Every structure is written in C-alpha cells, then in structure tokens.
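According to Swiss-Prot, the features are:
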{"type": "BINDING", "residues": "Thr9, Phe10, His17, Gly88, Leu89, Arg90, Glu98, Tyr123, Gln124, Phe125, Ile126, Ser127, Gly128, Thr129", "note": "ATP binding site"}
{"type": "BINDING", "residues": "Thr9, Lys41, Leu73, Arg87", "note": "substrate binding site"}
{"type": "SITE", "residues": "His17", "note": "site 'Transition state stabilizer'"}
Amino acid sequence: MVVAVYPGTFDPLTRGHEDLVRRASSIFDTLVVGVADSRNKKPFFTLEERLDIAHEVLGHYPNVQVMSFKGLLKDFVRSNNARVIVRGLRAVSDFEYEFQMAGMNRYLLPDVETMFMTPSDQYQFISGTIVREIAQLGGDVSKFVFPSVEQWLKEKVAALDPANGASAAQP
C-alpha cells in the first residue's frame with residue numbers, strides 16, 4: 001500500500017488544491033492531506049477552521065484523510081508511513097522554492113520521494129493569497145473556491161470588519 005502526504009497551509013483550500021487531491025488520490029492507495037499549523041505565516045483562518053474546510057470539501061474521497069500537523073514535515077511523513085510527498089507547482093516561480101524543499105526532504109527522508117503535480121489549466125493561476133485578497137476587497141471568488149469555502153470567507157471578512165467587509169488591518 002502506497003501512502004502519500006500532500007502538505008500545505010490551505011488558507012483557504014481552493015479548487016486548485018481539490019484538483020490535485022482528486023488526481024493524486026487516484027494514484028495512491030491513501031492520500032493524507034496535512035494541514036500545517038503554519039503560525040509563523042499568520043494564517044487568515046485558524047488551524048481548526050482550515051481543518052473544517054478541508055473536511056467539508058474533501059470528505060467524499062474514500063482514500064483521503066485530512067489531519068493537522070505541527071513541526072517538521074519529515075516527522076508527519078514518518079508518522080503516516082508515507083513514501084511520497086505530493087507538491088503542486090503552478091508556475092516557474094513556485095519551482096525554485098519547491099526544488100529546494102524537495103532537496104532538503106530528500107536529505108532528511110532519503111527513502112521518500114517528492115512528486116510534483118501541475119494543476120489543471122483552469123487552476124494554474126489560483127492561490128490562497130490571491131483568493132483571500134479578492135474576498136477581502138469584496139470580489140467574487142466563486143470560480144476559485146467551493147460554495148462552502150466562499151461562505152467561510154464572507155463570514156470571516158465580515159467578522160474582521162463588519163462595517164465594510166474589508167480586512168480589519170486596512171485603514
């Protein structure tokens with residue numbers, strides 16, 4: 001049985017993420033979606049919210065497990081007996097960082113492979129950062145996220161600044 005881990009912050013989980021999960025889950029016996037704590041990134045959604053979103057969107061895949069992790073990816077990979085780390089590459093700009101991470105992971109986990117997957121054409125430009133910015137500015141994100149995620153975004157934006165629906169960090 002081949003287990004793969006697809007780690008990420010998933011802040012929020014987008015249609016691009018789901019596209020990779022759908023495709024990777026057809027390759028591996030088990031795909032573990034690892035939602036990283038990533039406190040140093042100061043995520044828009046809490047870890048618990050990101051887990052809830054991932055369960056909502058990915059819960060129908062029978063061989064996909066969603067769980068959180070803190071600390072080193074290598075420890076999470078080992079604890080799940082994974083043989084592969086799945087990473088998405090949207091553009092050349094992603095490659096340099098992902099290549100360095102794959103090299104470090106190979107050093108730390110010599111028996112684990114990193115598999116890069118490119119998104120389907122319609123999702124190549126989607127990123128959680130861009131989706132959050134559009135949502136915070138009142139734009140339509142329905143083409144980039146699932147309806148439940150769009151609702152989570154609207155509620156979070158409204159909670160941050162109920163007066164105008166924009167981020168509380170904006171003046």
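All residue numbers here begin at 1 and follow the chain in the order shown.
In case you wondered, yes, glycine gets a Cβ from its N, Cα and C as well.
Recorded features from Swiss-Prot, shown on the structure.
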residue: Thr9; record: ATP binding site; Cβ contacts under 8 Å, 6 or more apart: Val35, Ala36, Ser38, Lys41, Pro43, Arg50, Gly128
residue: His17; record: ATP binding site; Cβ contacts under 8 Å, 6 or more apart: Gly8, Phe10, Gly88
residue: Leu73; record: substrate binding site; Cβ contacts under 8 Å, 6 or more apart: Val5, Pro7, Gly34, Ala36, Ile85, Asn105
residue: Arg87; record: substrate binding site; Cβ contacts under 8 Å, 6 or more apart: Tyr6, Pro7, Glu98, Met101, Ala102, Thr114, Met115, Phe116, Met117
residue: Leu89; record: ATP binding site; Cβ contacts under 8 Å, 6 or more apart: Phe95, Glu98, Phe116, Met117, Thr118
residue: Gln124; record: ATP binding site; Cβ contacts under 8 Å, 6 or more apart: Gly16, Arg90, Ala91, Thr118
residue: Ile126; record: ATP binding site; Cβ contacts under 8 Å, 6 or more apart: Thr14, Arg15, Gly16, Arg90, Pro119, Phe144
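Take the binding-site residues Lys41, Glu98, Gly128: by the count of other Cβ atoms within 10 Å of each Cβ, the lowest one is Lys41. The ATP-binding residues named in the record, Thr9, Phe10, His17, Gly88, Leu89, Arg90, Glu98, Tyr123, Gln124, Phe125, Ile126, Ser127, Gly128, Thr129, extend over a maximum Cα to Cα distance of 18 Å.
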